[in-house]
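Take a look at the structure set out below.
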């Protein structure tokens, strides 16, 4: 854990991705941010210590030890408290690349800044009260969002919608606990115990219902945040790789007429109507003597077991094979979409035989080669998991595994309250579980959380954020 001095010294980091580009940004935050920048900044007689806040300035970065020119820059000065970290912040826009930006960073470190740890700028925003813990976590969700729907969910959480709901539930519990304490301390009336247990029961049932309603969004929220693990399966050479390439809109998998050309599991993300699909193009699942191909087949079996959705591709220009039947049987009961590919060719597959094997499922006929029927596939995927609606902009979704676990614990605590009251337990014992629920909800927004957890959460962020 960092020392108090280390937590609030002046930090610096590169805030843009490494590599070539037009612009790179180096960020400073802390009490000495402006003073350190002033040591290396040159622009006539301009003194950064005297410029107004939230202004940008043209100039040069120069090594003060030897007057060597480092770069031509635009430098922003933003003074506390109206900054991302609520500290003095300086952002230096220099030319992109690796050498220039690293020389600039090393110069700032030499002049008194400390290299920021991953996520430390956002951690300071949290510690300084600019955002709560759930909002801070939404920053990383926003950075990692793979679709506009996932972005909307993250923005919603960053804007404080989840925080507002959690805090309102905590306030409901706090008000109830306060009333219970008053009733316990001043039992002037004969029916005070009955009134107290009634109050506890009503509030526990109300808050639990609110939490359970929130938890109903968890599955969709996690899909939007992490992606829907989708395995494309089928016997060799039915068009799995062609389907992957179509969905990706680019050539990622080898497409040939030779069975077994996909030797491994290929993973790619794709946006299907707002649903982030983690597409897994598997090697054909078949018996093989080829050692390398056999490894791919085993990985395919594992990918199949771990998938949220299966796209099972059959070739309708050929009769059903024993391998097709085995795949249909192996995926029975799982969320799947059955695709009859190569509809542009003469049909040899017996539809009656297939209907007997999957009597209650919709089967989509497509031609990946001619791009026919694939809009229906995308609509089917969105409908399977979101009823056609994905990540509405103003909706609050629970997508974070930590939040889901804490809400589950909070709901269990409230159930213990209800069970205790129904069993006739004393009020002072029942309210312990109510207090425990209040604590669990507090961990979501960071009101009651250990320093070690905070350090762990922010260590998952990228440098410079």
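The chain as shown is numbered from 1 upward.
Each residue, glycine too, has its Cβ placed from N, Cα and C.
The (6S)-5-formyl-5,6,7,8-tetrahydrofolate site recorded in Swiss-Prot comprises 91, 130, 465 together with one of 27, 225, 235, namely 27. For residue 241 (Mg(2+) binding site), the nearest of the binding-site residues 27, 91, 130, 465 in terms of C-alpha separation is 465. Here (6S)-5-formyl-5,6,7,8-tetrahydrofolate is bound by 27, 91, 130, 465 per the record. The longest Cα to Cα distance in that group is 19 Å.
Between the CA atoms of residue 240 (GTP binding site) and residue 91 ((6S)-5-formyl-5,6,7,8-tetrahydrofolate binding site) there is a gap of 48 Å.
Secondary structure at residue 27 ((6S)-5-formyl-5,6,7,8-tetrahydrofolate binding site), as computed by DSSP, is strand. Under DSSP, residue 240 (GTP binding site) is assigned to a helix (H, G or I) in the three-state scheme. Taking each Cβ in turn and tallying the other Cβ atoms within 10 Å, the top scorer among the binding-site residues 27, 130, 240, 465 is 240.
The Cβ of residue 91 ((6S)-5-formyl-5,6,7,8-tetrahydrofolate binding site) lies under 8 Å from the Cβ of 15, 25, 26, 27, 28, 75, 76, 78, each on the same chain and at least six residues away in sequence.
Within 10 Å of the C-beta of residue 237 (GTP binding site) we count 19 further C-beta atoms, all protein chains included.
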